[in-house]
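Here's the structure we're looking at; comments come further down.
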Amino acid sequence: MRECISIHVGQAGVQIGNACWELYCLEHGIQPDGQMPSDKTIGGGDDSFNTFFSETGAGKHVPRAVFVDLEPTVVDEVRTGTYRQLFHPEQLITGKEDAANNYARGHYTIGKEIVDLVLDRIRKLADLCTGLQGFLIFHSFGGGTGSGFASLLMERLSVDYGKKSKLEFAIYPAPQVSTAVVEPYNSILTTHTTLEHSDCAFMVDNEAIYDICRRNLDIERPTYTNLNRLIGQIVSSITASLRFDGALNVDLTEFQTNLVPYPRIHFPLATYAPVISAEKAYHEQLSVAEITNACFEPANQMVKCDPRHGKYMACCMLYRGDVVPKDVNAAIATIKTKRTIQFVDWCPTGFKVGINYQPPTVVPGGDLAKVQRAVCMLSNTTAIAEAWARLDHKLDLMYAKRAFVHWYVGEGMEEGEFSEAREDLAALEKDYEEVGVDSVEAEAEEGEEY
């Protein structure tokens, strides 16, 4: 069995976790108490959903997940919510005081008190697995727990489970909608720390999701629930191939093999279509060609950046629902002829395609329309460097005046860590720039030196 353990860190991670597990349960027909009427092999069995759920002898399905937050309020909502019976109480771990939006508190002072307990619970989950394939880590870049504790945990996971892959779903601080002044500090520190520990990181930009909710779903003032349900759909599309049998099954390592050309360049851009409200869906066809085209619209991306200014290195299309390979091939052929899409010249225009016959499920009373087919595109493009550039610029403005730095130093961090992290991100931007340069030009430049 190829199991995955999900780790939800901090408020953002936990709330996205709620949305995801709610959706997984609906998709697999698992009731809030963990019973699954359709499951005939009680107490075990090798069903494909067992990658995400373990089964007890009583036929209860328990998510292979851990929820961690340094303060209790958000996890308490899970403890008292609809799905309270789904999780084992030990899977919900909380501390007493929060990280107060401070990376240093999450990573050093408060985080280190709880990290051994968390690793202990993760070890228990790992022992239930026959062939653990890796971890999915959900967190935000901006919060203290999401940045500091998540990076600490990933460092420790690398030590304990060296060869297992670690995929991140990270909430990137939105350019306009900010929840904390020190988000740029936290984001850059956490990116620097986790860069070598993460195998693949799907970034989600709150503002991009806000815009999609406003524009496509006609929600005037989207709440976090709206955002998280949309993010849940995306996570579900990415993990559907792990949980259902499809025509082309993608496992965790396969993502990296196809999307990550160099270890540091592991930030694919996710795009999901169709995002459409029930009123509109009634009047639209949403053919395979249409939803495939929609993926190349910057408006449907999860991070604000413009791929038309960058080049693609790899592209992964994950279809689900009523889709046949013939339609997909036709749609992709059309895209290739349009040529608005530039691939780097060292990578032939490779599209990897996965098809999963399980149609997308929607949460009852949610905003998304029930559709027959959907697609999630994961593309590694040099344009995502724009997101890093934006963040670095904000950090420079604040750090030039050393604003707020004393809060970090006071929690036992050294000021040198800031400049180290900043240099690492400058190098990351440079890496992206170099990857996008045509190889012919690059060789010509080298020739001139000798």
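Glycine is treated like the rest: Cβ placed from N, Cα and C.
Here is what Swiss-Prot says about this protein:
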BINDING   Gln11, Glu71, Ser140, Gly144, Thr145, Thr179, Asn206, Asn228  GTP binding site
BINDING   Glu71  Mg(2+) binding site
MOD_RES   Lys40  N6-acetyllysine
MOD_RES   Tyr432  phosphotyrosine
MOTIF     1-4  motif 'MREC motif'
SITE      Tyr450  site 'Involved in polymerization'
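The 10 Å shell around the Cβ of Asn206 (GTP binding site) contains 25 further Cβ atoms across the protein chains shown.
Around Gly144 (GTP binding site), the same-chain residues at least 6 positions away in sequence with a Cβ under 8 Å from its Cβ are Gly10, Leu70, Asp98, Ala99, Ala100, Asn101, Asn102, Tyr103, Arg105, Gly106, Asn186. A Cα-Cα distance of 29 Å separates Asn228 (GTP binding site) from the residue listed as 'phosphotyrosine'. The binding-site residues Ser140, Thr145, Asn228 differ in how many other CB atoms lie within 10 Å of their CB, and the one with the most is Thr145. In sequence order, Asp69, Val74, Ser140, Gly143, Thr145, Gly146 are the residues near Gln11 (GTP binding site), counting only same-chain partners six or more apart with C-beta under 8 A. Around Lys40 (N6-acetyllysine), a 10 Å sphere centred on its CB holds 8 further CB atoms from the protein chains shown. Cα-Cα distance from Lys40 (N6-acetyllysine) to Thr179 (GTP binding site): 46 Å (rounded to the nearest whole number). Residues Gln11, Glu71, Ser140, Gly144, Thr145, Thr179, Asn206, Asn228 are listed as the GTP binders, and the farthest two of them sit 22 Å apart at their Cα atoms. Glu71 (GTP binding site) has a Cβ environment of 19 other Cβ atoms inside 10 Å. Taking a C-beta cut-off of under 8 Å and a sequence gap of six or more, Tyr432 (phosphotyrosine) has these contacts in its own chain: Ile265, Thr382, Ile384, Ala385, Trp388. Sequence-distant contacts of Thr179 (GTP binding site), defined as residues of its own chain at least six apart whose C-beta falls under 8 angstroms from its C-beta, comprise Gly142, Gly143, Pro173.
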